[in-house]
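This report concerns only the one structure given below.
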Amino acid sequence: MRKVFLAGNWKMHYTSVEAADVAKQIVDGVYNINNNVVVMVTPTFTSLCKVCRVTKGTNVLLGAQNMSYENSGARTSEIAPSMLLEFGVDYVILGHSECRTYLGENDEIINKKVLTGLKHPFKYLILCVGETLEEREKGKTLDVVLNQVRNGLASVYESDLQRIILAYEPVWAIGTGKTATKEEAQEVHKAIRLEIQSLYSKSAADNIIIQYGGSVNVDNVEGLMGENDIDGALIGGSSLKADSFLKIINKISK
């Protein structure tokens, strides 16, 4: 049985002091959480130092929102994997739609980051994929998403998939209040799992974690998580307040 991975993505919110305070509330709130649920928080780079002091030694994993595929050098504004590991980062989000849109990241760059991440001792790498509203309306959802999966995992060995989490995040549902119906999400998640089976094996497909991201909240999370191929959520706005994030966690772990 696959575990449920609930990751809060705090994006560009909170000072380091504010982030540490929210993280402390979450850590305290999940002290006795069901072992089948994995809780993750992803603050800004500038908050990692303070938040890691809160999450260290707890059952809450600490993540980063991006990283460079280079380990050092003339990469102004970027951050290296070793720098993240210094702050106890457990996982990194790669290929988020906002990075694709605002930072110009493409599949080739994202794949380089995946391959670099696998060379470092992160517990997990979250590879995000998803289609725009225009692509969905043209009936291209599966073509776009599965192509991103293939490109993102290029040259990744099956033995490394245990450290890869896939996150389907329809771009049109991120921060808009719109959410794919559980049936729409399940259709894509099932297709992704079948693609993993085609690329690797049935065992790999059965075991890989596939999160859903896109305006997840306490009202829709239970329905989404009830689908066969949805194994967790990458949560934005509803993870910014400890009480709303804890309500989501408690609803799934009850």
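Even glycines carry a Cβ here, placed using N, Cα and C.
Here is what Swiss-Prot says about this protein:
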- Asn9, Trp10, Lys11, Gly175, Ser215, Gly236, Gly237: substrate binding site (BINDING)
- His96: active site, electrophile (ACT_SITE)
- Glu169: active site, proton acceptor (ACT_SITE)
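Sequence features annotated in Swiss-Prot and their locations in the structure.
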residue: Asn9; record: substrate binding site; DSSP (3 states): strand
residue: His96; record: active site, electrophile; DSSP (3 states): coil
residue: Glu169; record: active site, proton acceptor; DSSP (3 states): coil
residue: Gly175; record: substrate binding site; DSSP (3 states): coil
residue: Ser215; record: substrate binding site; DSSP (3 states): coil
residue: Gly236; record: substrate binding site; DSSP (3 states): coil
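Long-range C-beta contacts of Trp10 (substrate binding site), restricted to its own chain and to partners at least six residues apart, with a cutoff below 8 Å, comprise Ala19, Val22, Val41, Thr42, Pro43, Thr44, Ser47, Ser239, Leu240. Just so you know, of the recorded positions Lys11, His96, the Cβ with the fewest other Cβ atoms around it within 10 Å is the one at Lys11. Annotation: no binding-site residues among Gly175, Ser215, Gly236, Gly237 have CA atoms within 10 angstroms of the CA of the residue listed as 'active site, electrophile'.
A Cα-Cα distance of 9 Å separates Glu169 (active site, proton acceptor) from Ser215 (substrate binding site). Listed in sequence order, Ala173, Ile174, Gly175, Thr176, Gly177, Lys178, Thr179, Gly236, Gly237 are the same-chain residues six or more apart from Ser215 (substrate binding site) with CB atoms under 8 A from its CB. Comparing Cβ neighbour counts within 10 Å across the binding-site residues Asn9, Gly175, the minimum falls on Gly175. By a simple count of nearby Cβ atoms, those within 10 Å, the most crowded of the binding-site residues Gly236, Gly237 is Gly236. Every protein chain shown contributes to the tally, and the Cβ of the residue listed as 'active site, proton acceptor' ends up with 27 other Cβ atoms within 10 Å. Apart from Asn9, Trp10, Lys11, Gly175, Ser215, Gly236, Gly237, the substrate site neighbourhood in this chain, defined by C-beta within 8 angstroms of the site C-beta centre, holds Ile174, Ile235, Ser238, Ser239, Leu240.
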